[in-house]
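One structure is given here, and the rest of the page talks about it.
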Amino acid sequence: MASVKMTALALVLTATATLLSLFQISSAAVYKVGDSAGWTTIGNVDYKMWAATKTFQVGDIIHFEYSSQFHNVMRVTHRMYRACNSSAPLATYTTGNDSITITTRGHHFFFCGVPGHCQAGQKVDINVLRTTGMSPTPSVPAFPPPPSVPAAKVNGPSPNNAVSLKSFKSLLCKLALSIAVFAVFVSNAAAA
């Protein structure tokens, strides 16, 4: 009986630890570029300052919200970014509601390809910094090639810049703890 009880407890603890570790790494945030102003040339939005106030991580989602009649989003190289050269972008997004998941650390350069918009400041450098203890950045492209269908529409984040999954993680941790307590209770009842 004692060995069954210990095995059940070990299984519950292993399952709980696995659940907690899975949800520990899923702390992605959604950032709406330009916050409430969105992706625009109106209002003198300083996208460089906007990006400088954020701490981007791999897995975060960068959301561009704009009028597709007047703007677009182009992913470009650093050289193209500096020169506002839109002749050969790595990817082009045109839905007006584009969400791009960051998959690697390093710089990710975007600008509006409408003539004059990049020169007017409608460009952003999303920099995902290396942190201690992380492995080197893989040598795969930062983003997949542009899809042949429009990007999926997602609800925009709240005006506070990012939607965190912390409350969801907290709920799941409580659920895992409840399961562990229940399993101990069941194993005690079975032993009796």
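Heads up, the Cβ atoms here are built off N, Cα and C, so glycines get one too.
Not measured: the values here are computed from a predicted model.
Pulled from TrEMBL, these are the features on record:
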SIGNAL    1-28  signal peptide
DOMAIN    29-130  domain 'Phytocyanin'
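Taken through DSSP, the domain 'Phytocyanin' (29-130) splits into 15 helix, 33 strand, 54 coil. Across the residues of the domain 'Phytocyanin' (29-130), the predicted structure has a mean pLDDT of 95.
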